[in-house]
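Read through the structure below, which is laid out as structure tokens, and then see the notes.
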Amino acid sequence: MEGFFWKTLLVVGALTISGTSSFPHKPLTYEEAVDLAVSVYNSKSGEDSLYRLLEAVPALKWDALSESNQELNFSVKETVCQMAEERSLEECDFQEAGAVMGCTGYYFFGESPPVLVLTCKSVGNEEEQKQEEGNEEEKEVEKEEKEEDQKDQPKRVKRFKKFFKKLKNSVKKRAKKFFKKPKVIGVTFPF
């Protein structure tokens with residue numbers, strides 16, 4: 001009978017230990033995860049100004065207890081506070097014409113320690129940029145036409161100059177877009 005007691009005690013102890021849940025990471029709500037991602041962006045981006053949350057896209061499938069990868073999307077805007085000031089973000093107002101960054105973050109909770117990969121890129125108003133570029137091109141073309149009219153050049157030379165000027169402007173635009181790369185930040189942190 002004594003052997004039966006010890007076997008029963010061993011089984012009950014094993015079930016008790018296996019029944020308790022211990023998470024390898026601290027469960028995060030979506031809001032906490034976004035706040036942490038904004039904090040990581042401010043500390044790792046290398047920007048002079050602090051950025052504050054502008055908008056967080058609600059997560060439909062966020063599971064605070066999940067061990068799988070979790071995605072979050074949000075945008076941040078440049079504030080009047082400088083990084084060196086070490087002020088709370090709540091004290092910092094947005095800059096009037098501050099830069100807006102669209103960010104996508106992925107938490108990898110299955111890793112030990114958990115990993116956050118954050119990708120942010122500028123989301124300035126593309127329509128305004130296109131209009132400004134178009135206005136600049138029109139001004140340049142008008143200026144060139146005036147200069148060409150003043151000179152007595154054959155029409156063929158004028159057409160070539162106009163063509164190569166358009167080509168040059170096109171290359172400039174594409175170079176600007178190419179070198180406007182998003183920032184990618186990866187960090188690990190213990191929970």
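Residue positions begin at 1 at the first shown residue.
In case you wondered, yes, glycine gets a Cβ from its N, Cα and C as well.
The compositional bias 'Basic and acidic residues' annotation in Swiss-Prot covers 140-154.
Sequence-distant contacts (6 or more apart, same chain, Cβ under 8 Å) of C81 (disulfide bond) comprise S49, L50, R87, L89, E91, C92. As annotated by Swiss-Prot, disulfide bond applies to C81-C92 (among others).
In the three-state DSSP scheme, C120 (disulfide bond) falls into the strand class. As annotated by Swiss-Prot, disulfide bond applies to C103-C120 (among others).
Swiss-Prot lists 126-154 with the feature region 'Disordered'.
The feature signal peptide is assigned by Swiss-Prot to 1-22, with sequence analysis given as support.
When Cβ neighbours within 10 Å are tallied across all protein chains shown, the highest count among the disulfide-bonded residues C92, C103, C120 belongs to C103.
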